[in-house]
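Enquirer: The structure's right below; bear with me while I get my questions together.
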Amino acid sequence: MTQDESATPEAGTTAGAGTTPDAGPSAAAPGPVAVVGGGVMGATLVGAVLAGGLAPGDVRVAERSAARVAELVAAHGVQGTADNVAAVTDAAVVLLAVKPDVVAPVLDEIAPHLAPGALVVSVAAGVPLAAYESRLPAGTPVVRVMPNTPALIGRGASAIAAGTAAGERHLALAERLLAATGLVVRVAEKDLDAVTAISGSGPAYAFYVIDAMAEAGVLLGLPRDLATRLAVATVEGSAALVRESGDHPVVLRERVSSPGGTTVAAVRQLDVHGVRAGVLAAAEAARDRSRALGAAYGA
Ligand SMILES: NC(=O)c1ccc[n+]([C@@H]2O[C@H](COP(=O)([O-])OP(=O)(O)OC[C@H]3O[C@@H](n4cnc5c(N)ncnc54)[C@H](OP(=O)(O)O)[C@@H]3O)[C@@H](O)[C@H]2O)c1
């Protein structure tokens, strides 16, 4: 692996060259994929890699609970096992979907059995790339992912960051495997705390706003169910309008704010009550918490 190949990309850019075609898996030919941890995120990843075109016979899931293994095998037709080592042996890609506190022991368990050149992709929140690289064989390509919960329905937003031995080929493969979970963007690892604060924790902010809008509807006399449906459709439709029009959100807001009208009166109250400042402060708090958790892990 050359220095260029192992370069960590800056946000939104392409990583180093990393194009030695015979040195491991690629987006065009991923090879067998092992998903370790078959919980909420593990099941989502199994569904995503199958939706991305992998054959069920090329996908293995390893999970402690035999009942959960059976459930995943029945649902997806993939191979299942309670043995992490059996799952990763000969796998070209290992997708780690265990809780952060289990990452270290799982790495220690699988490290001696990884195929040469196998790519390790992990969705564990807050575990730094250095923690993987210190436990895996030298030169193991690692990609860290920060997903969010809408990934469960294919509408997620994930950011991926490359470890020192992961190049363009590995990032492209991670993108292919995650494509069915929604948007995937590349960032440098230093930006993952900010990503955590925006898209990682962001669904909670959106749920908070939807709940507040529904509560406001009830305050104004609407049945709760009707108010909730209106709030959800409004948030969903507004997000789609931003995306599909390509217009800046401020332009779209101005367009629905007629002089002396209802909307401008409402937005003034959002300003008076510091809603924008609250969102900024919330994101800073989440960023700081993410940093602290990463440091506690030994970043
Ligand atoms: N859910 C999300 O929306 C989300 C979002 C961002 C990031 N993540 C990350 O995704 C990872 C998984 O989260 P999750 O929500 O999917 O958690 P989860 O539902 O609890 O799934 C974790 C699974 O791993 C299994 N497991 C535990 N120890 C294991 C071992 N030694 N070997 C193999 N499997 C083992 C657990 O089995 P037992 O139940 O038997 O312990 C459980 O089925 C976490 O690191 C989290 O930070 C999740």
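Glycine residues also receive a Cβ, built from the backbone N, Cα and C atoms like all the rest.
Not my notes, these are from TrEMBL:
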BINDING   N84  NADPH binding site
BINDING   A97, V98, K99, P100  NADP(+) binding site
COMPBIAS  8-28  compositional bias 'Low complexity'
DOMAIN    33-126  domain 'Pyrroline-5-carboxylate reductase catalytic N-terminal'
DOMAIN    189-292  domain 'Pyrroline-5-carboxylate reductase dimerisation'
REGION    1-28  region 'Disordered'
Enquirer: When secondary structure is assigned with DSSP, how many helix, strand and coil residues does the domain 'Pyrroline-5-carboxylate reductase dimerisation' (189-292) contain?
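Expert: Per-class counts: 88 helix, 0 strand, 16 coil.
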Enquirer: Between A97 (NADP(+) binding site) and the residue listed as 'NADPH binding site', find the distance joining the two CA atoms and give it rounded to the nearest Å.
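Expert: Answer for this pair: 12 Å between alpha carbons.
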Enquirer: Relative to the Cβ of N84 (NADPH binding site), which residues of the same chain, six or more apart in sequence, are found under 8 Å away?
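Expert: Listed in sequence order: V36, A62, V106, E109, I110.
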Enquirer: Using DSSP, break the domain 'Pyrroline-5-carboxylate reductase catalytic N-terminal' (33-126) down into helix, strand and coil residues and give each count.
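Expert: Across the domain 'Pyrroline-5-carboxylate reductase catalytic N-terminal' (33-126), the residues distribute as 45 helix, 19 strand, 30 coil.
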Enquirer: Which residues in the same chain, at least 6 apart in sequence, have a Cβ under 8 Å from the Cβ of K99 (NADP(+) binding site)?
Expert: G37, A124
Enquirer: Counting across all protein chains present, how many other Cβ atoms fall within 10 Å of the Cβ of A97 (NADP(+) binding site)?
Expert: 25
Enquirer: Ranked by the number of other Cβ atoms within 10 Å of their own Cβ, which of the binding-site residues V98, P100 ranks first?
Expert: V98
Enquirer: Would you report the average pLDDT that the model assigns to the domain 'Pyrroline-5-carboxylate reductase catalytic N-terminal' (33-126)?
Expert: 96
Enquirer: Near the NADP(+) site, what residues other than A97, V98, K99, P100 in the same chain have a C-beta no further than 8 Å from the centroid of the listed C-beta atoms?
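Expert: Same chain, not in A97, V98, K99, P100, Cβ within 8 Å: G37, G39, M41, L96, D101, V102, V103, V106, V123, A124.
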